[in-house]
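Following: one structure in structure tokens, then a few remarks.
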Amino acid sequence: MMKRLQLFVAAFAILASSSLLASASDPSPLQDFCVAINDTKNGVFVNGKFCKDPKLANAEDFFYSGLNIPRNTSNPVGSTVTPVNVAQIPGLNTLGISLVRIDYAPYGGLNPPHTHPRATEILVVLEGTLYVGFVTSNTDNRLITKVLNPGDVFVFPVGLIHFQFNIGNTKAVAFAGLSSQNPGVITIANAVFGSNPPINPDVLTKAFQLDKNIVTYLQSKFWWDNN
């Protein structure tokens, strides 16, 4: 009987621990909104930001203008991402959503392989023709791709490496919604070869099975951030 009781207590402790871990993600909002402010003295800290007194909130806290303006794509990757997240609209704090506009140069404009550690992305093409895709996790590493035209929609699951490449002869424009107020972005080449401080070349030489001179060359390059 005592042994059975001890097993029950142990099982209950494990379940309680797993329940705590399961609820460790961002909580659902407990108020209508939580407009982010930089004032650390007179605010309440929620979801990584301090909140403005809701009685002081106004329309500007929930507004952004300018996504209709084409961006300059004259850069090494031929694309520019214009984010609209909690940094641009403080009223997005705790709401779990954000938006980007992506402009691509004519044939060759690339939003390089990258991941969003905190968000799934749903992309709609407004202009042009994009070759898009993502790669599944180990061990399959399966490439799933599609050619998109205006009006087409594609989903990139959270955390998976994905990209968009303009295969048309004209500029392309897409908008994407992301399931986080602050989705984050890790551009693979920038992170691996442009980290600060640099990753030990011996690590990359072995990981990528490259000549060490090639690794040091890649680490010496300037890796463009299109965000």
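Positions of Cβ are set from backbone N, Cα and C atoms, glycine also.
Since we're looking at a predicted model, the values are computed, not measured.
TrEMBL annotations:
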| type | residues | note |
| --- | --- | --- |
| SIGNAL | 1-24 | signal peptide |
| DISULFID | Cys34-Cys51 | disulfide bond |
| DOMAIN | 65-216 | domain 'Cupin type-1' |
| BINDING | Asn111, His116, Glu121 | oxalate binding site |
| BINDING | His114, His116, Glu121, His162 | Mn(2+) binding site |
Could you give the Cα-Cα distance between His116 (oxalate binding site) and Cys51 (disulfide bond), in whole Å? 25
Work through the binding-site residues one by one (Asn111, His114, Glu121, His162) and name whichever has its CA nearest to the CA of Cys51 (disulfide bond). Glu121
In the domain 'Cupin type-1' (65-216), averaged pLDDT is 97
Distance [Cα-Cα, Å, rounded] between Glu121 (oxalate binding site) and His114 (Mn(2+) binding site): 12
Starting from the Cβ of His116 (oxalate binding site), draw a 10 Å sphere and report how many other Cβ atoms land inside it. 23
With an 8 Å cut-off on Cβ distance to the Asn111, His116, Glu121 Cβ center, who else from the chain surrounds the oxalate site? Val100, His114, Thr115, Ala119, Leu123, Phe156, His162, Ala176, Leu178, Pro183, Val185
Cα of His114 (Mn(2+) binding site) to Cα of Cys34 (disulfide bond): how many Å, rounded? 30
Can you tell me how many other Cβ atoms are located within 10 Å of the Cβ belonging to Glu121 (oxalate binding site)? 22
Under 8 Å by Cβ from Asn111 (oxalate binding site), same chain, sequence gap 6 or more: Val77, Ser79, Val81, Ile102, Tyr104, Phe163, Gln164, Phe165, Asn226
Could you state the whole-number distance in Å separating the C-alpha atoms of Cys34 (disulfide bond) and His162 (Mn(2+) binding site)? 31
